Amino acid sequence: MASEDKSKALAAALAQIEKQFGKGSIMRMSDNQITENLQVISTGSLTLDLALGVGGLPRGRVVEIYGPESSGKTTLCLQAVAEAQKLGGTCAYIDAENALDPVYAQKLGVNVEDLLISQPDTGEQALEICDMLVRSSGVDVIVVDSVAALVPKAEIEGEMGDSHVGLQARLMSQALRKLTGNIKRTNTLVIFINQIRMKIGVMFGNPETTTGGNALKFYASVRLDIRRTGGIKKGDEVIGNDTRVKVVKNKVSPPFRQADFEILYGEGISRQGEIIELGVKHGFIDKSGAWYAYNGQKIGQGKDNTREWLKANPAIADEIERKIREAVGVKIEINENQGDEEFADDAFDA
């Protein structure tokens, strides 16, 4: 009898909550709205998509990407924007640093004509614009570049040298409290780019920290630490960077994995380079000395030549990528135009 009374009381409470706050304000975990598959947007890096465990950056969540200067933070964000646009998504870029290069973005595959861009005057304006775009439900990806450039209005209007302790941290904390619920409800991916600072007087442990206080660390579902690990040379010329990304926080899959890939100057993340590395690792591409082979046919001597061969034969590159994704159990949406190409008759001709 007590159990029946509890059930009736719970049913009455649920009905009252839905009446007061609207349908869907409380539900069981078995309801479709909660258990539907997580939607993701590719980072543009196959290796990083696999390291994230779900095939990309999760929609309806906050993501933080941080690292030293010139480590590839903006490149990674623009690649994610390009991937979202390929699937028909609408993207916005809040350029608080006033440093976005549209020519470079276009080289990475971003449709700059359709990209929404804002260059706000203050941190409050930037975050208010972000909140309004999220609440519109019409934008799929929003990039905020960067947290360090979100200067509070009081600091801009004050004198140079004035002390404004904790202003930016309070601004971020207040904004994220408002944003998080709307982001989840509208299934928007919001990416914050952040910079690194050094703590003063740290004797033990890591002296590095990110700007904007601790709020973003808590609210972010995914945090990526991106670093440049070396240069890529073609002869004496440096043509790109070796890059490593560590997944330091991940609420949608196991964290602490890392991804290594190449960023080529003027091109962005080298998809072909990743396919070669992962293809060899999973046994789809054979490597003998300097030669690489696929299905028993030689496709290139040295990584540079093999990369160029895969660029010239995108259908075969797509096929190898699909095999890699199937091998690790991670799939992702593919643009309708992809995969329809026929193999060239002379694709394997040496």
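Glycine is no exception: its Cβ is also placed from the backbone N, Cα and C atoms.
Per Swiss-Prot, the features are as follows:
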- Gly67, Pro68, Glu69, Ser70, Ser71, Gly72, Lys73, Thr74: ATP binding site (BINDING)
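Ser70 (ATP binding site) has a Cβ environment of 10 other Cβ atoms inside 10 Å.
Other Cβ atoms within 10 Å of the Cβ of Ser71 (ATP binding site), summed over all protein chains shown, number 22. The Cβ neighbour count for Thr74 (ATP binding site), using a 10 Å radius and every protein chain shown, is 23. In sequence order, Ile196, Arg227, Arg228 are the residues of the chain that are 6 or more apart from Pro68 (ATP binding site) and have a CB within less than 8 Å of its CB. Non-local neighbourhood of Gly72 (ATP binding site): Ile226, Arg228, Asn241, Thr243, Ile263, each in the same chain, at least six residues away, with C-beta under 8 Å from its C-beta. Summary of the ATP site environment: with the site residues Gly67, Pro68, Glu69, Ser70, Ser71, Gly72, Lys73, Thr74 set aside, the chain residues having Cβ atoms within 8 Å of the Cβ mean position are Ile226, Arg228. Following the DSSP three-state reduction, the secondary structure of Pro68 (ATP binding site) is coil.
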